[in-house]
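Structure record follows, encoded as structure tokens.
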Amino acid sequence: MGHFTVLQGPERLETFQVDTTHEAYPAIEEAASHLCERDTPVAFPTETVYGLGADATRSASVRGIYAAKNRPADNPLIVHVSDLDMLKSYLGGDDIPKKYQPLIERFWPGPLTMLMPNPEDSRLAPEVTAGLKSFGARMPSTSLALSLIKLTGRPLAAPSANASTKPSPTMAQHVKYDLDGRIELILDGGPCEVGVESTVVDGLCDPPALLRPGGIGIDELRKCPGWENVVKAYKDQGHDGKTAPRAPGMKYKHYSPTARVILYEASCADGSGGITAADAERALSPEDGAADTCNANVMRKVGVIRTKRWTQVAGLHSNQLSPAVSKEDARDGDDQQPGTSYQVLQGELVSANGEVRGGLLDIDLGRETRGIAQGLFSALRELDQLGASMIFVDGIDDELDIAGAVMNRLRKAASEIRV
């Protein structure tokens, strides 16, 4: 079962149960009508992350996305279509570029966005492209998303349904947490399968370029005819600021929790066994700025996100750990976070001589790259909501597959990087 969430006013959300197959259509029809008639965007699930959708043909509707997210106006949006005929109708009478045919056959519907030429007499609202002569097009694979687009009868412009710069939402609760009071409808289809945004490619240039890593790895792209020499054309640390971004996620700081994130690259030999002694000592220190407050003994909560190398608490010292569940996600009798494959453990952070110095939160995302990708954004949000002010993350190798997307997001979220 999923949920259809209706925002009745700026301060209260009411939730209605719906079946996400046949019986969901009344709810999806209501969302489609909303998209056609109103200018407030609708949040809906895709296989990657939750999207914040608006009618891509109406400027007022698209501007509602930018307002709800507080998104910079020069950051372009991806256009979501339900089928190839819908896409073709927005190409000004031209066919889909042949360069994309092998990708369409292999990856659509799915987590892949392709840049298309935007005709001079474009039917898309100009706010979608942010002044570019191209637009990103994607066909999501979830039946709920495809049904919503088809019932709306128009392509949906849809970035991730989070407040700008924050971790992308992979569950409806994440959308509600960020955008409660800013939007009116959320379609809840459960947790997202992929967990990171779509891969964005440009086949209008030669050689073709990978503009944003995502659910499809560059190694998979290179197996397709005409894409053997696809080049990486993005920077993990941001954009030069001098030119317009060619795709979402290229220019601005993204995916960041409130907590300070310290990322250990897989290449960091000093961090192969856990957090370094210097960082461990820093974790034991009072909260930054506490000396300037009335209480100089304010102690921090430290979070640890483990992947392939670190063992529990990553070399820090703690008393016995027990399951923790955030207020946002708590369910009676269930210690595991709803919609996730991991468990948050909590305990006291202690010094080598046993002195309590703060709180400790530990998450193990496992050793499988796909599982790490699926749980990453949720884990960052979970530690934020549990009060962590510092989060240490064990990075993974990122040469080819979806690990490239994981590390791209972590590098953008990180306040400090250990190499």
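Glycine too: its Cβ is placed from the backbone N, Cα and C atoms.
The structure displayed is predicted, hence computed values, not measured ones.
As annotated by TrEMBL, domain 'YrdC-like' applies to 25-216. What TrEMBL records for Thr48, His80, Arg138, Ala158, Ser198 is L-threonine binding site. Summarising the annotation, TrEMBL assigns ATP binding site to Arg71, Asn75, Ser160, Ser168, Arg212, Tyr255. Look at TrEMBL and you will find 319-339 tagged as region 'Disordered'.
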Other than Thr48, His80, Arg138, Ala158, Ser198 themselves, what residues in this chain have Cβ atoms within 8 Å of the centroid of the L-threonine site's Cβ atoms?
Thr46, Gly51, Ile78, Pro111, Thr113, Pro140, Glu197
Record-listed L-threonine binders Thr48, His80, Arg138, Ala158, Ser198 have a maximum CA to CA distance, in Å, of 13
Which one of these binding-site residues, Arg71, His80, Arg138, Arg212, has the sparsest Cβ neighbourhood, judged by other Cβ atoms within 10 angstroms?
Arg71
For Ser168 (ATP binding site): intrachain residues, at least 6 apart, with Cβ closer than 8 Å
Val49, Tyr50, Ser160, Asn162, Val196, Glu197, Tyr255, Phe377, Arg409
Argmin Cα dist to Arg71 (ATP binding site) over the binding-site residues Thr48, His80, Arg138, Ala158, Ser198 returns Ala158
Using C-alpha atoms only, work out the spacing between Arg212 (ATP binding site) and Ser198 (L-threonine binding site) and round it to an integer in Å.
8
Fill in the CA-CA distance, Arg138 (L-threonine binding site) to Asn75 (ATP binding site), as an integer in Å.
17
What's the longest C-alpha separation between any two of Arg71, Asn75, Ser160, Ser168, Arg212, Tyr255, the listed ATP-binding residues, in angstrom?
18
Give, as a single whole number between 0 and 100, the mean pLDDT over the domain 'YrdC-like' (25-216).
95
Neighbourhood of Ser198 (L-threonine binding site) by C-beta distance under 8 A, where only residues 6 or more apart in the same chain count:
Thr48, Ile78, Pro111, Leu112, Thr113, Arg138, Arg212, Gly214, Gly215, Ile216
